[in-house]
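Copied from TrEMBL, the annotated features are:
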DOMAIN    111-165  domain 'Translation elongation factor P/YeiP central'
DOMAIN    173-227  domain 'Elongation factor P C-terminal'
Amino acid sequence: MASLRHLAAGPACHHRSGVAAATASLQLRRLPSCSRSRHFTRIYAISSNDIRVGTNVEVDGAPWKVLEFLHVKPGKGAAFVRTKMRNYVTGNTVEKTFRAGSTLQEPSLSKETKQFTYKDGSQFVFMDLTTFEESRLNEADVGDKQKWLKEGMDCNLLYWNGKIIDFDLPITVRLTVTDTDPGASDSAQGGTKPATLETGAVVTVPSFVNVGDDILVDSRTGQYMNRA
């Protein structure tokens with residue numbers, strides 16, 4: 001670029017410089033679309049006043065997720081925000097306090113939708129249906145979510161520094177009942193019973209649900225919603 005500025009001495013050079021500048025500008029405008037990465041990241045600063053459940057923040061170079069929060073305004077002294085947060089990398093949960101109005105950094109996170117395809121030993125294998133690239137999570141990383149995880153299910157994998165640190169299940173999952181006491185008639189009112197699902201999870205269902213029925217479950221709470 002320095003050599004271009006030195007050459008811009010005459011009208012022709014000015015014209016060429018203008019064309020080069022216009023071309024460069026056009027290339028810059030096109031850059032986001034032509035060089036888009038599958039791991040799209042973003043970094044923003046947020047105020048502690050905007051902290052909510054589910055907010056992601058970066059503290060001491062690590063990504064954290066806010067599980068609980070409370071805005072406190074004491075009679076004396078400065079207001080502050082008390083939080084309970086989970087470290088995405090280590091899984092540790094701690095309480096942290098931030099001064100009201102202080103600036104916090106959001107971690108550089110990205111999400112990709114991938115399909116859970118199969119379990120390989122103690123690993124859960126997710127596939128990108130566009131590139132067929134596989135990503136793997138250990139049982140410890142999946143945790144209790146495996147109770148609702150079914151082959152062919154699309155999940156959102158969360159990345160930080162190229163590493164999978166978490167994933168989200170669909171809120172509503174459809175699963176088949178494999179074991180339960182014989183059901184009552186559909187017209188029967190009231191009454192519940194435990195039912196085992198194809199993933200091994202046990203949920204409480206209405207008495208009319210039978211083995212072989214497909215039911216919808218809220219993966220966040222593990223509660224029965226209705227028959228599919």
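Indices start at 1 and increase along the chain as displayed.
In case you wondered, yes, glycine gets a Cβ from its N, Cα and C as well.
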DSSP-assigned states of the domain 'Elongation factor P C-terminal' (173-227) in counts, ordered helix, strand, coil: 0 helix, 29 strand, 26 coil
Secondary structure content, the domain 'Translation elongation factor P/YeiP central' (111-165) (per DSSP, counts of residues): 9 helix, 30 strand, 16 coil
